[in-house]
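A.B. asks: Okay, here's the structure, questions in a sec.
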Amino acid sequence: MTDVSRKIRAWGRRLMIGTAAAVVLPGLVGLAGGAATAGAFSRPGLPVEYLQVPSPSMGRDIKVQFQSGGNNSPAVYLLDGLRAQDDYNGWDINTPAFEWYYQSGLSIVMPVGGQSSFYSDWYSPACGKAGCQTYKWETLLTSELPQWLSANRAVKPTGSAAIGLSMAGSSAMILAAYHPQQFIYAGSLSALLDPSQGMGPSLIGLAMGDAGGYKAADMWGPSSDPAWERNDPTQQIPKLVANNTRLWVYCGNGTPNELGGANIPAEFLENFVRSSNLKFQDAYNAAGGHNAVFNFPPNGTHSWEYWGAQLNAMKGDLQSSLGAG
């Protein structure tokens, strides 16, 4: 076989793989970590509040689940996945997060809603199957919400953490990169950490279309727009290193263990995003970063059992890093 023939066959295989991923990925996203049955986990007796926080930038009140860690306590913002619901935050639906962090000295903040938003300020109205609305989630999380919590719930407005799974893992990194005084800690669990690269924009667009009928171009424009790299954690490593942001980065390899998550969508998705996490680690180390926990075990699927275990495991690190009393 000639070199030319080999190259043609190689490119053919790549095209087939890319096409298959483009077709399969949105459906898998819909199944893995998808919409859960409505009904929060938090047991009766926990001091969980259901707040309505005004958002002038979005023109409506935003529901926020909240548990106080005490006066002037630092906040941990728990951000939801691609299929975030409008009734409860996925962290409450799928994990006992409020229970784990009760009396921890940390205020737990769970914004509700934001399906397919990437917790970003969108260029255009977010128009999907349920109609159109304004998405200015970065403004909410970095200005409106911390100011409201400081004034109304005595939450420390700076020195917070952002923790996200899947879609929101990259969002947590970006919030910390551009708002280092507010977010000194970012946790990314099973996220695609190079969304601007390769087929990332196309696959994200397909997934967003499947999860609510949204368009990636309404969010960050075409793939050539600078907003894609602006919201790419790997591209923003220099900022994270310069800020000395504390990072907690987790990704499994698609192999289930005793925690569960043994289904093809969850296994495929976790394996799919793992390489971007390994590349992020290499780039972070090469940039001189030295304030991160990287956890890449030989197991773990794209499911809540593993994300909950990570949130529980990082509790001590969060308390130490944020100076919880």
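Residue positions begin at 1 at the first shown residue.
Heads up, the Cβ atoms here are built off N, Cα and C, so glycines get one too.
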A.B. asks: Which of SER166, SER223, SER224 does Swiss-Prot put in the same substrate site as LEU82, ARG83, ASP194, PHE272, VAL273, ARG274, SER275, LYS279, HIS302, SER303, TRP304?
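C.D. replies: Of the residues offered, the record points to SER166.
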A.B. asks: Ranges 10-20, 32-42, 98-108: which does Swiss-Prot label region 'Fibronectin-binding'?
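C.D. replies: The range carrying the region 'Fibronectin-binding' annotation in Swiss-Prot is 98-108.
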A.B. asks: Which ones are near HIS302 (active site): of the binding-site residues LEU82, SER166, LYS279, which have a Cα within 10 Å?
C.D. replies: SER166
A.B. asks: Long-range same-chain neighbours of ARG274 (substrate binding site), Cβ under 8 Å, sequence gap at least 6?
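C.D. replies: Long-range Cβ contacts: CYS251, GLY252, ASN253, GLY254, PHE296.
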A.B. asks: Looking only at LYS279, HIS302, which of these recorded positions has the biggest number of Cβ atoms within 10 Å around its Cβ?
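C.D. replies: That would be HIS302, with the highest Cβ count within 10 Å.
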A.B. asks: Which chain-mates of GLU270 (active site) that are at least 6 residues away have a CB under 8 A from its CB, listed by sequence?
C.D. replies: SER190, CYS251, GLY252, ASN253, GLY254, GLY300, THR301, HIS302
A.B. asks: Quick one: largest C-alpha distance among LEU82, ARG83, SER166, ASP194, PHE272, VAL273, ARG274, SER275, LYS279, HIS302, SER303, TRP304, binding substrate per the record, in angstrom?
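C.D. replies: Answer in Å: the longest Cα-Cα distance is 26.
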A.B. asks: If you draw a 10 Å sphere on the Cβ of SER166 (substrate binding site), how many other Cβ atoms land inside?
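C.D. replies: Excluding its own Cβ, the number within 10 Å is 27.
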A.B. asks: Around the Cβ of SER303 (substrate binding site), how many other Cβ atoms lie within 10 Å? Please give the count over every shown protein chain.
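C.D. replies: So the Cβ neighbour count for SER303 (substrate binding site) comes to 25.
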